[in-house]
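Asker: For reference, the structure I am asking about is given below.
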Amino acid sequence: MKYHVGIDVGTFSVGLAAIEVDDAGMPIKTLSLVSHIHDSGLDPDEIKSAVTRLASSGIARRTRRLYRRKRRRLQQLDKFIQRQGWPVIELEDYSDPLYPWKVRAELAASYIADEKERGEKLSVALRHIARHRGWRNPYAKVSSLYLPDGPSDAFKAIREEIKRASGQPVPETATVGQMVTLCELGTLKLRGEGGVLSARLQQSDYAREIQEICRMQEIGQELYRKIIDVVFAAESPKGSASSRVGKDPLQPGKNRALKASDAFQRYRIAALIGNLRVRVDGEKRILSVEEKNLVFDHLVNLTPKKEPEWVTIAEILGIDRGQLIGTATMTDDGERAGARPPTHDTNRSIVNSRIAPLVDWWKTASALEQHAMVKALSNAEVDDFDSPEGAKVQAFFADLDDDVHAKLDSLHLPVGRAAYSEDTLVRLTRRMLSDGVDLYTARLQEFGIEPSWTPPTPRIGEPVGNPAVDRVLKTVSRWLESATKTWGAPERVIIEHVREGFVTEKRAREMDGDMRRRAARNAKLFQEMQEKLNVQGKPSRADLWRYQSVQRQNCQCAYCGSPITFSNSEMDHIVPRAGQGSTNTRENLVAVCHRCNQSKGNTPFAIWAKNTSIEGVSVKEAVERTRHWVTDTGMRSTDFKKFTKAVVERFQRATMDEEIDARSMESVAWMANELRSRVAQHFASHGTTVRVYRGSLTAEARRASGISGKLKFFDGVGKSRLDRRHHAIDAAVIAFTSDYVAETLAVRSNLKQSQAHRQEAPQWREFTGKDAEHRAAWRVWCQKMEKLSALLTEDLRDDRVVVMSNVRLRLGNGSAHKETIGKLSKVKLSSQLSVSDIDKASSEALWCALTREPGFDPKEGLPANPERHIRVNGTHVYAGDNIGLFPVSAGSIALRGGYAELGSSFHHARVYKITSGKKPAFAMLRVYTIDLLPYRNQDLFSVELKPQTMSMRQAEKKLRDALATGNAEYLGWLVVDDELVVDTSKIATDQVKAVEAELGTIRRWRVDGFFSPSKLRLRPLQMSKEGIKKESAPELSKIIDRPGWLPAVNKLFSDGNVTVVRRDSLGRVRLESTAHLPVTWKVQ
């Protein structure tokens, strides 16, 4: 089957379309139209702060690892103590909580002759020190504590504080234990804010105390060192991923190199230089060996404080900047120079850092020592401190204080792995520079690899570590694999993405904030224009640019310096573009007088300035005038300097910009091209064409084809942000974009802007291609769009455009409970306890013990009973003893002597039909994640939940009773993001009716949470809050955004004719599954 694929990538969505085509490429049938909505990897409990699941789970994982390793370390210490014949007694078993401090002071002060007493007290002291052992430089080995340094600054500060607080002199040789015992124990606060030990002590301070104790207790040197080893034992997770490093495809026995390594940084510069070409008289030539080495040396050794510029590279080569091309070509590693030449990023990052000791060390270190430092700073490499250069790195780290170490953690070096090993990179770099060849030729000469060969790319769905990107990769991978399995390989895959589609949500919000600030600034300028210039109506964007340019230029013509105003000025492109269109960037547009604009015409300013006789026109004078320009309102001075510098570069350019072609609409985003290369390699054997374009292309295509005015969404025709189906529609439109069409769309967009700036008649609509081939391709494309619009109209009308999300069925989904730890309520066991009190029991065992008491009544609970006696987990509890109850009615968990609320940490909800009444009733059991932990290796949706679980205790009473009597039938389960098809005719609230009156009947709803034991939270599946307009009815915001529709479970399932829809990757309804995947079911 022949079909085209379109993929539209957004921040929280991926539009996917598969369209069957005939032999002529005309669309004949839609195979799959899916708007896949995802969470961009955000933690559901941290959406406001845009913290990802990856970040949250990383914190939780590191915390668990910290506790796990501490527990293991203390267990090893206990075993060591037992091997010495000393007893291990829990510190809590001593009646005096300050006893360990007194023992430590005693051991350091005098010899204890009784061997048994000495052994017990040594055990107490070592176990106490090991639990509060201070900080050590993570790069210093434990053996460095055998001969500890003198007192740390923190130790000295604590000594002075104790001297002041106690009023007693503190000997210079006092240990930590001895200093503490000088305080009034029990009256002064020891730890925490305001405590005498609030300063962070070093492990060397505690090692000195152990050294003094061992000396006083006559412990030999060998045993002393063993004690130091076991008390201060530490593990580092650094390098734990080194075993998973990929191999070099050219030398499979070697690991792929770090991108922060010197070998890769030099290779990257050499490879990108190899892509450069010089344009001479319409021909292109490669750089000579001498030219390549000149440029390479300049970029590698560029002063860190100086920014790299292509203009400087052109000057080194003795050419005009416009003659230098090939600056945006991508290498095998997905590296692209783009706006600036490549530099040694590792060197610049370190030297530009504000970590003075590191900068000084780096400048004097050898290449091998710098290499060892990069490995040490990388979490992915194992430290090599045994080599001579590694030892120097360790020595450097050992001399740093903890403040500098904190700064080191914030140092950002280039991340990721190169495609090749360091040896391969060095050899390829040497070959490219010595022979003056490009990467492909160097690879052929060095390894005998054909130029057409490319390094193997990861599979489409392989994670990259960015949660938002990983969501996109997984979605695209699953959909393409299913499509290929169903219909074969596609003929074309066209990918389009918005700027925020391949960045984190946090970064997307930052960019959105910048856009809002610019919009507010522009709105203020628009108002200023209307007031000062008496402009009628809202000024255009072109008017705003002209107004800003005139103000910025001190009301002077940028070319000759003569006075201009907003009304008599004209906008001109400093450097015109070859062919149709212009470069419509701010740095290439200036306000000029009519005389200069007419005289210059379609010529670069630098060329025209040499030949014109107009007074004041020269490159030198134009550059001088920019020095006096006024900074734009709201623009930072540093940004304005960069802007004027870019304008100066344009003034000096003597060649035209390159003609617009299909590449003008291609994406330059690294991750977009990474996705393209993965998809291309996946379909390499099928000859599938794969392209990736910038997000603006779809909007241009919709407008140019007229398809926007033909498709009706919920809120009318045209672009819709309210209707989530537009993502799939955009994907369908992009699927039929060819290189010729993309090029024509780019030119039309460019002409539109140019003509607006020049105040010319809008003739851009008439442009359909630069030559006969382009115009023919345009006509065919318009025909395809006509047929496609008919297909899409039918699909929208018949509700065949799918909006779906992945549902999370695994056990872990966000935090298991809230962070705040509260105090348990304590009541006497003999007290009267209501049923609600008993349901607040702090453990399942306590709940069971109370409900199994002879006097328990399911309605009244337990009466007061001074003789009551129960057993909880083998422990006898008597009437006078306290029992712990949760002080809140919400689901909670006992934790660290207190409790934490479980919040909305539900894994799923089970729907039951209760048959004990006159007519069937429906109820819901919300299942907490914690109640499923014992069953993680079983079917989580069918395991039996006992009455004592928090899930059962939080359920409606009618459901608990029905389950107890066997009158509840388990129908099926729901999870967040499940799709429900609902007939709202009998159950719609006034708010839902108001929304349906404005937008039409809403059949498809999304489960957005389990609001209460008896209510769901639903939102319209196909609608997004982003599209809610200010003039919309208030009910629209309440139903789509907050709080959503909160229908009672019984009413919804009794009168809503509900179907729970489950779909496969292509959006098709799944009615059965041999793989035990979730299937569609109907509530009846």
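Residue numbers in this text run from 1 along the chain shown.
Positions of Cβ are set from backbone N, Cα and C atoms, glycine also.
In case it helps, Swiss-Prot gives these features for our protein:
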- D8, E496, E500: Mn(2+) 1 binding site (BINDING)
- D8: active site, for RuvC-like nuclease domain (ACT_SITE)
- D8, E500, H727: Mn(2+) 2 binding site (BINDING)
- 504-665: domain 'HNH Cas9-type' (DOMAIN)
- H573: active site, proton acceptor for HNH nuclease domain (ACT_SITE)
Asker: Just checking: which of D8, E496, H573 have a Cα that is within 10 Å of the Cα of H727 (Mn(2+) 2 binding site), counting only these recorded positions?
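Answerer: If one measures from the Cα of H727 (Mn(2+) 2 binding site), the recorded positions that come within 10 Å are D8.
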Asker: Can you check what DSSP calls D8 (Mn(2+) 1 binding site), collapsed to helix, strand or coil?
Answerer: strand
Asker: At the level of the C-alpha atoms, what whole-angstrom distance separates the residue listed as 'active site, proton acceptor for HNH nuclease domain' and E496 (Mn(2+) 1 binding site)?
Answerer: 29
Asker: Sequence gap of 6 or more, C-beta under 8 Å: which same-chain residues meet both conditions with respect to D8 (Mn(2+) 1 binding site)?
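Answerer: Correct list: V14, G15, L16, E496, H497, T698, H727, A728, D730, A731, I734.
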Asker: How many other Cβ atoms sit within 10 Å of the Cβ of E496 (Mn(2+) 1 binding site)?
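Answerer: For E496 (Mn(2+) 1 binding site), the count of other Cβ atoms within 10 Å is 30.
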